[in-house]
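In Swiss-Prot this protein carries:
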MOD_RES   Y69  sulfotyrosine
DOMAIN    112-149  domain 'LRRNT'
REPEAT    150-171  repeat 'LRR 1'
REPEAT    174-195  repeat 'LRR 2'
REPEAT    198-219  repeat 'LRR 3'
REPEAT    244-265  repeat 'LRR 4'
REPEAT    266-286  repeat 'LRR 5'
DISULFID  C285-C318  disulfide bond
REPEAT    296-316  repeat 'LRR 6'
Amino acid sequence: MKFLAFLSLLSLVLQKAETASLLGEREREEQSPEEGDTYASLYVGNHTLSIEDYNEVIDLSNYEELADYGDQIPEAKISNLTLPTRTSPTSTVAQKTLSPNLTMAVPTTTGLLNSQSSHGLPTCLVCVCLGSSVYCDDADLENIPPLPQMTTYLYARFNHISHIQAGDFKGLTKLRRIDLSGNSISSIHNDALRLLPALQDLILPENQLAALPVLPSGIEFLDVRLNRLQSSGIQPEAFVALKKLQFLYLANNMLDSIPGPLPLSLRSLHLQNNMIETMESDTFCDTGEHRHERRQLEDIRLDGNPINLSLFPEAYFCLPRLPVGHFT
């Protein structure tokens with residue numbers, strides 16, 4: 001009996017040992033790396049990555065702190081919606097109905113086309129208005145047409161204008177040049193020009209003027225050639241107050257003397273073809289001051305006059321050059 005029990009116990013031990021050996025072989029086969037198995041050993045460059053590295057435990061508890069995406073998510077703004085107020089039909093009608101006391105304003109034009117010329121037409125239909133310049137040349141005008149307030153340059157040459165009235169240029173504070181060449185102007189009112197603060201150039205050749213009006217102090221260029229101007233028609237000291245006068249052209253008139261005194265700003269004086277026979281010793285120079293010089297006055301024309309310039313040698317000592325004229 002004991003022998004049979006020993007044999008049965010031995011067989012059980014052998015079965016368990018065989019079973020354990022088979023299980024060990026299976027486990028070794030499963031754990032042994034096969035050829036081409038990329039999961040057993042990964043070669044990346046000079047580094048070998050093993051599956052065992054993936055056994056590292058990663059703590060995900062602090063991911064919320066490490067990656068805070070709150071700034072990238074736009075904040076939703078909630079605003080209150082206001083419902084449109086209901087308007088009654090009577091209020092709508094009241095808004096659309098005009099008051100019977102209201103009158104529609106008619107636009108006024110104070111610009112170029114609002115001024116009427118002597119032909120009964122707007123000035124800028126008879127003349128040509130370009131910017132602030134008005135061109136009325138050869139337009140059969142008999143007087144100065146009403147001009148736009150912004151007029152800076154006026155050209156009304158070769159017309160039939162005979163008189164300049166006191167209000168012809170009223171309010172034209174920006175008027176810088178007036179050219180009335182080739183008209184029939186015989187008189188200019190004393191108030192027509194003197195109140196023009198910006199006037200610099202006054203061009204009046206080929207007219208019938210016997211006298212000069214009062215001139216504004218800002219005049220720089222004065223051309224009154226080919227008129228009927230007489231010495232008696234020029235007021236005493238008419239030019240001395242013109243501190244900016246540089247060019248004075250009085251040729252081809254009826255002057256019998258040189259008008260003076262002349263402003264120190266003068267650069268050019270044309271008096272040819274008049275009736276001048278004599279001059280004062282201080283016409284150009286201050287005889288009381290022998291160091292006096294007038295370097296700017298380089299152009300004096302007295303040719304075409306009966307005066308003998310050699311009779312007045314003391315009259316030229318301050319000039320940079322002698323006048324042009326008769327010396328014998």
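Placement of Cβ uses the backbone N, Cα and C atoms for every residue, glycine included.
Long-range Cβ contacts of C285 (disulfide bond) within its own chain (separation 6+, distance under 8 Å): H292, R294, E314, A315, Y316, F317, C318, L319. Within the chain carrying the repeat 'LRR 4' (244-265), a Cβ under 8 angstroms from the stretch's Cβ atoms is held by residues 200, 205, 217-231, 234, 237-238, 271-280, 282-284, 294, 296-297, 301, 304, all 6 or more beyond its ends. Break the repeat 'LRR 4' (244-265) down by DSSP state and the numbers are 0 helix, 4 strand, 18 coil. Around C318 (disulfide bond), a 10 Å sphere centred on its CB holds 18 further CB atoms from the protein chains shown. Within the repeat 'LRR 5' (266-286), the DSSP-based counts of helix, strand and coil residues read 0 helix, 3 strand, 18 coil. Mean model confidence of the repeat 'LRR 3' (198-219) amounts to 98 (pLDDT, 0 to 100 scale). Shown for the repeat 'LRR 6' (296-316): DSSP residue counts in helix, strand and coil, namely 6 helix, 3 strand, 12 coil. Per-class residue totals from DSSP over the repeat 'LRR 1' (150-171), listed helix then strand then coil: 0 helix, 5 strand, 17 coil. For the repeat 'LRR 2' (174-195), residue counts in helix, strand and coil come to 0 helix, 5 strand, 17 coil, using DSSP.
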